[in-house]
Amino acid sequence: MPIKVNGARLWENLMQMAKIGGTAKEGCNRQALTDLDIKGRALFSDWCRKIGLQIQYDAVGNMFARLDGRDNHLNPLVIGSHLDTQPTGGKYDGVLGVLAGLEVMTRIVEEKIIPERPIEIACWMNEEGARFAPAMMGSGVWAGMLDLGEVRASIDLEGISVGIELDRHGYSSHPDPQDKDIAAYLELHIEQGPVLEAEGKDVGVVTGAQGIRWYDVVLTGQETHAGPSPMAMRHDPMRLVPALVQGILEIGTRDEAARATIGQVHTAPFSRNVVPGKVVVSVDLRHPNEQVLQSMHDDLATLVSELTGEDRKLTSILEEIWHSPVVAFDAGLVTSIRRGAKELGYSYCDIVSGAGHDSLMVARKVPTAMIFTPCRDGISHNESEHIEPHQAEAGANVLLAAVLDYLGS
Ligand SMILES: [Zn+2]
């Protein structure tokens, strides 16, 4: 019989943690580096110390709870996620991965298993990016994708910087994040989408993550009074918007996996009785295949370049803002997760992550994989985010199986 987690204990811990920063609508507000975030971490640390784990930090506020192995010169296997939430976040996004990590570790201790190498639970700093941008801050600095100095300068709406908060909580004196070596990383997370629930699966085997490309399409014309200027004599960039929007949404329908989103349309000046001189349309393109994403990019570039047609006083420019390449998780770890799900008798399917996760940063440096748990109606970043106890338990059991598989190999 495989060793299994204690699902009731995991659930109890999730409910305890949810009280810290708990909102009236049964969600959580535990934003990064606030006093509530630190309080949540203190509760987690207490639980970890009770089972004999040592707590370590780095200078960007990442926290690691370590169980020594037989050979402590070997780099640790790390499991985890994040404890910070959105301002109106739920009880499970991130928290499930950290507390499932604790449950896995607790079972290993209870079974008196001495792992061949150390195991650590990671609690990455500011995954959400709600209070401080960008998201995935702690894991990004660890992975060398973000600069510690720049991250320290990031400020919240009150003008308080990450650096001030790291100093205030005593994190700054800890070692440079990039000094820490990790052998491999596993993360359990809620899906934050509707696929697993719709397919009736217990767990998702995450094979990688969509590539993401962000753009502004900048349309310019001539700003003029809404009354005196006849329609035919205007150079109104708003005229280009319908064809642009339609073209962009079509790019998102090229296959099942493609996504195209227009989340923002800004006009300038923002006035109801002025023909705008400028319209900026945001574009978010995603695809799990980098070549297809590139051809979506090419289609967008062609669309934008052909948009203005005859009117020489209108211009359309495509500005690329961000490109996060496709991430493929480690084939060995993905196989191990799939095997674990199968041996435990859970229904499962492969899935690609559509959201950002610490794993995407960590995967740039070391073998990484993720397990997803379904969430009700695919809703997250919302106080009504919900999973069932048996779903949390299934995810944690698969995580435990993958951990034991890795350590045994
Ligand atoms: Zn998350």
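Each Cβ is built from the backbone N, Cα and C atoms, and glycine gets one as well.
Just so it is clear, the model here is predicted, and its values are computed rather than measured.
Straight from TrEMBL, the features:
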{"type": "BINDING", "residues": "HIS82, ASP93, HIS189", "note": "Zn(2+) 1 binding site"}
{"type": "BINDING", "residues": "ASP93, GLU128, HIS381", "note": "Zn(2+) 2 binding site"}
{"type": "DOMAIN", "residues": "208-310", "note": "domain 'Peptidase M20 dimerisation'"}
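A map of TrEMBL features onto the structure.
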residue	record	CB count, 10 Å
HIS82	Zn(2+) 1 binding site	30
ASP93	Zn(2+) 1 binding site	28
GLU128	Zn(2+) 2 binding site	22
HIS189	Zn(2+) 1 binding site	29
HIS381	Zn(2+) 2 binding site	17
Cβ within 8 Å of the Zn(2+) 1 site centroid (HIS82, ASP93, HIS189 excluded): which residues? SER81, TYR92, GLY94, VAL95, LEU96, GLY97, GLU127, ILE190, HIS357, ASP358
Under a three-state reduction of DSSP output, how is HIS189 (Zn(2+) 1 binding site) classified: helix, strand, or coil? strand
Scan ASP93, GLU128, HIS381 for binding-site residues whose C-beta lands under 6 Å from an atom of ligand 1 and note them, or write none. ASP93
Around the recorded Zn(2+) 2 site (ASP93, GLU128, HIS381), other residues with Cβ within 8 Å of the Cβ centre, ordered by sequence, are THR85, GLN86, GLY89, GLY90, GLY94, GLU127, ALA130, GLN192, SER380
Going by DSSP, how much of the domain 'Peptidase M20 dimerisation' (208-310) is helix, how much is strand and how much is coil, in residues? 34 helix, 33 strand, 36 coil
So, three-state DSSP: helix, strand or coil for ASP93 (Zn(2+) 1 binding site)? coil
Mean pLDDT across the domain 'Peptidase M20 dimerisation' (208-310) comes out at 96
